[in-house]
Amino acid sequence: MPRATSDKFSRAHQPSAKASASKDAKSSSSSSAGRNPIFKTEQFGQHILKNPLVAQGIVDKANLRPTDQVLEVGPGTGNLTMRILEKAKHVTAVEFDPRMAAELTKRVQGKPEQRKLEIIIGDFVKADLPYFDVCISNTPYQISSPLIFRLLSHRPLPRVCILMFQREFALRLVARPGTELWSRLSANVQLYAKVDHVMNVGKNNFRPAPMVESSVVRVVPKDPPPPVKFEEFDGLGRILFSRRNKTVHGNFMAKGVIDMLEKNWRTWCAETNQMVEDNVVMKTKIEQVLTDMGYGENRAAKMDVDDLLKLLSAFHEIGVHFA
C-alpha cells in the first residue's frame, strides 16, 4: 500500500463534475443561513452531527469492546466522542480546528472521561497516528479518499472502521461490478477491504445542514492483506477505468498507453538482467495477453476484482508493469 498523502490520492481519484458541483453547493449552503454562529465550520468543510440517535447508532455499529482503543476523525464538539468514551478504553480524536478541540476539552474537563481522551490538533492526513483497534469518523468530505486509503495502509490494521461520507462517495465504495457506480475507487478499496452500507443520514441531522445527503459505511480490512502492490493494481485500473464502458482492448490501444508500458517493460528488463528482444512490438505483446486471457472484449464496468487480478498477473508474467 502507498503512503496515504492528500496529494497522491486527490490526483488518483479526481471527483466527478457532479461531485464538484455538490461540493460547491454544499459550501454555498454552509456560508448562508445554516452557518454555525460560534465555529466557522464551513472553513474546514465540517458539519456537526446534532442528532443523538444517529450518533448512538454509529457507535452501536462499531460493536466496541471495553478494551478497544478508538481513533476518531473530525470529532467537532464531541457529540460522537462522548458516546464512544462510554464504551471504549481510550479515544484519540484528530481535530483540525483548535476551537473545536478546545470545546471538546471543556466537555470532558473534570470528568472520568478526561483520562480516556487524547486530542491531536492537526491534519489527519499528515498526523502521526497511534495504535487503534477501531476508527469512527464523521469525515470532512474533502479528505474522504485520503482518509480511507490511509486507514487501509495503516499497520497494524484496525479491526473495523465506521465512516460517514457524502452519499455518492459512500455508494461508490460499496458498488458492485456491472452497476453504474462501479469504478476504480470501488475496485481499489474492495481489493483490501470488505465494505458494507450501514445507514443513510439526512442532511437535516447536521449543523449547518449540507446540500448533500450522507451515508455511513462499515469497512473491514482484509487481514492479512492480499500480496499485491497497490501501485500496480491502481495503475491497471487507471487504464481500464479511464473509459469504463470501452473494451479492455480499446483502452490499452489508447494514445500513450503502449509507449508507457513499453518503457516500463524495458526498465523491468534492465533491472532483472533480461535480454531485450530485437524489434519488439509492445502492441503485439499486449494483444497476445488479452487474447490468451479472453479479456479483450470485456469492459471494466463489468470486471470484478478477481478479473483485474488475473489480468494483472498475466501482464506481470511477461514483464509488463503499471507503476
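The count begins at 1 with the first shown residue.
The backbone N, Cα and C atoms fix where each Cβ goes, and this holds for glycine too.
Feature list (source: TrEMBL):
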- His47, Leu49, Gly74, Glu95, Asp123, Asn138: S-adenosyl-L-methionine binding site (BINDING)
- 1-10: compositional bias 'Basic and acidic residues' (COMPBIAS)
- 54-223: domain 'Ribosomal RNA adenine methylase transferase N-terminal' (DOMAIN)
- 1-37: region 'Disordered' (REGION)
Mean of pLDDT values spanning the domain 'Ribosomal RNA adenine methylase transferase N-terminal' (54-223): 96
Same-chain residues at least 6 apart in sequence whose Cβ lies under 8 Å from Glu95 (S-adenosyl-L-methionine binding site): Gly74, Pro75, Gly76, Ala101, Leu104, Ile119, Ile120, Ile121
For S-adenosyl-L-methionine: widest Cα to Cα gap among His47, Leu49, Gly74, Glu95, Asp123, Asn138 in Å: 20
Same chain, 6+ residues apart, C-beta under 8 Å of the C-beta of Leu49 (S-adenosyl-L-methionine binding site), given in sequence order: Ala55, Gly76, Asn79, Leu80, Asn138, Met164, Val201, Asn205, Phe206
Among His47, Asp123, Asn138 [binding-site residues], residue with fewest other Cβ within 10 Å: Asp123
